[in-house]
Amino acid sequence: MASLDISDPDITKYIKLVQDGNPANRWIVFSYVPKSNNKIKFCDSGSGDLKELREELDDSSIRFAYIRFVINNMPKFVYIPWCGDGVNGPIKGAFSGHAIEFSKSFKPIHHQVNARSEEDIDEKAITAALNKATGASYDSGSKVQGATKGTFIPQSVSQGREAATKSNAEVKNVINKNDYNKIQESAEYWKQNQANKSEPAKPTRPEYNLSTERDDYWKQQQAEKQKQQQQQQQQQASRVNAPPPSRTVGNKFQEQVSKPTETAPPQPRPAPSKGSVLNRFPAATQQQQEPPAPSRPAAPVPSRVNKPAAPVQPVYQEPVHEEPQYEEPQYEEEQQQQYEEQPTEEQQYYQEEPQQQYEEQPTEEQQYYQEEQQQYEEQPTEEQQYYQEEQQQYEQPTEDQQYYQEEQQQYEQPAEEQYDQSGYLQAKALYDYNGENDGDLSFREGDIITILDQSDPDGWWQGSLPTGEQGFFPSNFVQQL
């Protein structure tokens, strides 16, 4: 396509006359030079309106028109490239490019109309478009809160400014009453939504809301649960403080002492001899085939006859489950008790004497005897060491001890939650429930329900009965075991 030739000086001359507001030249028309498809020439001009210009446009020609309008005392310019329906095809293809290129010579252009027939050139449509153009329409807005304003069009700049500066009070009078109703409805809707959010989460159905009786029942259940927890804590504390059950030689001796004495007359025991404790375990001595341990040396006997007996020290029980060194005094205490149960003639004589006389004035011999006894108890002899080795062999837990330990472990395990054989949680029905919808689980008060799913945030759980029925039920009708 050849470039457009606008070298004719009349083109710029007449364009200038139209833009300057010359009354004799309101519109101008340009066309191609005959036998040329790219050179433009001046065709005609006039002082009339758009109807006069339309007479210069026919179906078999191409024209470029430029017309001046006055809108609100302001000049507005319209560019109309015209291509009739009877124009040849090749010329139509070049026309679109020439129209765009020629529009650069018409400045300013407030509106452009690409016309193909007389119906495209409508004066009312062009005037409305110019009113909406920048700087031409002084309307403050065609719509206010959904209502359309009147068809008032300002005829001057002062009228446009007055319409644009109307007060808000006058604008509110135009608002439709339906808008007020919509505002009120939306406000009530949001109030209800906010009120529903503040309430605690409960099942969606209103007929399953908790009543005051159920609230009292749950409070009572919580109080009982707290009491049970306190009792369990107290029992655990007492079990920690109490020694574990054991079956040692010292415990057997204490059980025999605590039993009521039989009616049979007590028979005197023989005096303790060497290896008296070892005689209790003949099987172990035969297997080891070791010589008997040396016997405990006898305590020194004071020379004075009126010497009181040594004060009996309390016997403290040592737990079996601890290290063997704490079990060491058991044999020593047992042996000491045997000596105390069978007093010799000298000890009987000492016990017959009143002890109060000697307790008020302790002699030097008593102090010496007490110090020597402490040294003897602090330093274990070879016989005590042998007893310790013997005891370690027989400290293996018997069947009774294993049974006591297993029973104690079972008792110390806290009962947290009950599970069925499949590993699911269980719950107990507090009220009767008849399912109204498909998929609901019906049950009676006291039924045991296996809980399958608790993920519903609205409080509807899925469970099954022992009969095999499955379904959904409200969580506030059951108590988890």
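Note that Cβ sites are derived from N, Cα and C of the backbone, with glycine treated the same way.
Taken from Swiss-Prot, the feature compositional bias 'Basic and acidic residues' covers 217-227. What Swiss-Prot lists as compositional bias 'Low complexity' is 228-237, 336-413. Here Swiss-Prot flags 248-261 as compositional bias 'Polar residues'. For 291-300, the entry in Swiss-Prot reads compositional bias 'Pro residues'. If you look up Swiss-Prot, you'll see 325-335 marked as compositional bias 'Acidic residues'. What Swiss-Prot records for 3-131 is domain 'ADF-H', and it gives sequence analysis as the kind of evidence. Here Swiss-Prot flags 422-481 as domain 'SH3'. Here Swiss-Prot flags 217-423 as region 'Disordered'.
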PLDDT averaged over the residues of the domain 'ADF-H' (3-131): 88
Counts by DSSP class (helix H/G/I, strand E/B, coil) across the compositional bias 'Basic and acidic residues' (217-227): 11 helix, 0 strand, 0 coil
Tally of DSSP helical, extended and coil residues in the domain 'ADF-H' (3-131): 46 helix, 38 strand, 45 coil
